[in-house]
Amino acid sequence: MKLLSLTGVAGVLATCVAATPLVKRLPSGSDPAFSQPKSVLDAGLTCQGASPSSVSKPILLVPGTGTTGPQSFDSNWIPLSTQLGYTPCWISPPPFMLNDTQVNTEYMVNAITALYAGSGNNKLPVLTWSQGGLVAQWGLTFFPSIRSKVDRLMAFAPDYKGTVLAGPLDALAVSAPSVWQQTTGSALTTALRNAGGLTQIVPTTNLYSATDEIVQPQVSNSPLDSSYLFNGKNVQAQAVCGPLFVIDHAGSLTSQFSYVVGRSALRSTTGQARSADYGITDCNPLPANDLTPEQKVAAAALLAPAAAAIVAGPKQNCEPDLMPYARPFAVGKRTCSGIVTP
């Protein structure tokens with residue numbers, strides 16, 4: 001996909017995203033009730049070599065669409081975060097993050113609560129890829145209890161505003177539930193925007209690429225980009241590395257450049273990556289240097305299992321209904337049950 005052809009994509013989103021957030025006050029009060037039993041949510045959380053109920057320095061990894069936690073991170077941030085001194089933990093909402101994003105979020109919220117308690121009430125970082133970033137921001141927006149438990153958010157290729165490239169799948173009625181929700185202008189992304197979720201809630205770094213073949217628009221290095229959050233540290237790879245630098249959706253997670261930015265974010269005293277920690281000399285699109293040869297091979301093929309899962313996974317012909325707590329923020333949008341009302 002050529003960069004020039006993507007430039008016009010930004011115009012599509014311009015009518016969907018205002019220059020400033022529409023609502024600045026986040027939802028407050030008690031968390032919404034989970035739709036899933038706690039035992040089911042607990043079963044979706046795993047820590048490397050530790051129990052979530054007793055874990056030292058955890059980092060929560062939230063995977064992308066079409067994958068489990070290990071499929072997203074075995075070849076990259078599970079070993080890399082271990083090298084940085086963390087105990088990696090991850091969620092794997094079934095099936096392969098293809099279900100309702102709101103349900104996927106419940107797995108993350110439950111995991112944060114468990115890991116916070118299991119580490120002695122210590123805040124923890126959350127690191128995400130693709131839909132995982134949307135899940136994290138949805139959770140921080142609508143589940144107030146976790147805001148004080150999350151130390152920082154490092155999001156690789158998040159689609160906070162969805163992607164215009166999901167539209168053709170929706171039109172053919174061959175989209176998974178979460179793909180419907182990740183379409184630009186969906187009820188879910190509208191609710192996130194209107195609830196104040198396009199502004200960082202915890203210290204946040206977003207790393208993304210103009211040449212992403214899955215999430216667009218990402219070309220403007222501005223609030224029009226799907227991965228951009230107000231007040232966040234927004235790092236478009238091409239803004240640092242130049243317009244000819246190419247990393248795809250997977251490379252936004254696995255590349256050496258992504259590792260340097262992510263490492264800075266995790267080490268920073270502010271919770272955001274520091275511009276002084278990365279530059280043109282770090283602009284290597286290949287998998288991170290500190291990975292083994294086997295991990296580098298797996299990282300380079302990261303999208304293959306995701307694509308296979310999406311093709312074989314559940315399909316439906318409409319966007320899942322919003323949970324009651326989110327409906328007031330997307331009045332007038334259409335979901336499976338019809339037009340959203342408060």
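Cβ coordinates come from backbone N, Cα and C, glycine included.
Among the features that Swiss-Prot reports, signal peptide is placed at 1-18.
The Cβ of C47 (disulfide bond) lies under 8 Å from the Cβ of V55, P58, T87, P88, C89, L115, each on the same chain and at least six residues away in sequence. Per Swiss-Prot, disulfide bond is recorded for C47-C89 (among others).
In sequence order, P93, A176, P177, S178, P314 are the residues of the chain that are 6 or more apart from N99 (N-linked glycosylation site) and have a CB within less than 8 Å of its CB. If you look up Swiss-Prot, you'll see N99 marked as N-linked glycosylation site, on the strength of experimental evidence.
Cβ neighbours within 10 Å of S130 (active site), excluding its own Cβ and spanning all shown chains: 31. The annotation active site is assigned in Swiss-Prot to S130 (among others).
The C-beta environment of D212 (active site), restricted to residues of the same chain at least 6 apart in sequence and closer than 8 Å, consists of A157, Q218, D248, H249, S252. Per Swiss-Prot, active site is recorded for D212 (among others), and the stated evidence type is experimental evidence.
Cβ neighbours within 10 Å of C241 (disulfide bond), excluding its own Cβ and spanning all shown chains: 21. The disulfide bond annotation in Swiss-Prot covers C241-C283 (among others).
Residues or ranges marked as active site in Swiss-Prot: H249 (among others). H249 (active site) has a Cβ environment of 24 other Cβ atoms inside 10 Å.
The Cβ neighbour count for C318 (disulfide bond), using a 10 Å radius and every protein chain shown, is 15. Sequence annotations record features per position, and here Swiss-Prot assigns disulfide bond to C318-C336 (among others).
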Shortest C-alpha distance to C283 (disulfide bond) - which of the recorded positions S130, C318, C336: S130
Integer Å distance between the CA atoms belonging to S130 (active site) and C318 (disulfide bond): 21
Cβ-based isolation winner (fewest other Cβ atoms within 10 Å) among the disulfide-bonded residues C283, C336: C336
Three-class DSSP secondary structure - C241 (disulfide bond): helix
Secondary structure of N99 (N-linked glycosylation site) (DSSP, helix/strand/coil): coil
C47 (disulfide bond): secondary structure state under DSSP, collapsed to three categories: strand
Distance from C241 (disulfide bond) back to C336 (disulfide bond), taken between C-alpha atoms, in Å: 43
